[in-house]
Amino acid sequence: MGGIYTALLVVITLFIGNDNILAAHIELQTIQPDHTTYSPFLRKTDPRPQRAFENTAELSATSEERQWYEISMRRAKENLTFYIWYKKGKTPQDIYLKFFTNSMDTITVSKSPNFGTFSRYTEYYNKNKKNDSWFRS
């Protein structure tokens, strides 16, 4: 009986002393195909290869939620401003004169960040004017 325990102890000692048996030696290897992988929806002659998953940029859920919140708050603030302007009786011409002068070139006006606000207010004004017209007549 003692011989079995001695033999077992010797085998365990050999296993521990041998690094190849218990220690896991893993070498990471990159696999590179010898050809370009194409999407099944593209023709084989199309030079646009399919993008790898690692190269696609994705927002985290927190960043997406924060971005959505910032956009919705900006729109809510803009809609409140438009509502106040509309109730004060300001027309799109009044808003145009607030942001731009009559002597400005149309290219300069179109490149201004205020042009977007002016054009969105024009849409808001026309939509609400159409809805309010039958109430006031």
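Cβ atoms here come from the backbone N, Cα and C positions, even for glycine.
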Swiss-Prot record, motif 'RxLR-dEER', of the ranges 29-47, 48-66 the matching one is 48-66
If you measure Asn79 (N-linked glycosylation site) to Asn131 (N-linked glycosylation site) at Cα, how many Å is it?
16
A correct count of other C-beta atoms within 10 Å of the C-beta of Asn79 (N-linked glycosylation site) gives 12
What three-state class does DSSP give Asn131 (N-linked glycosylation site)?
helix
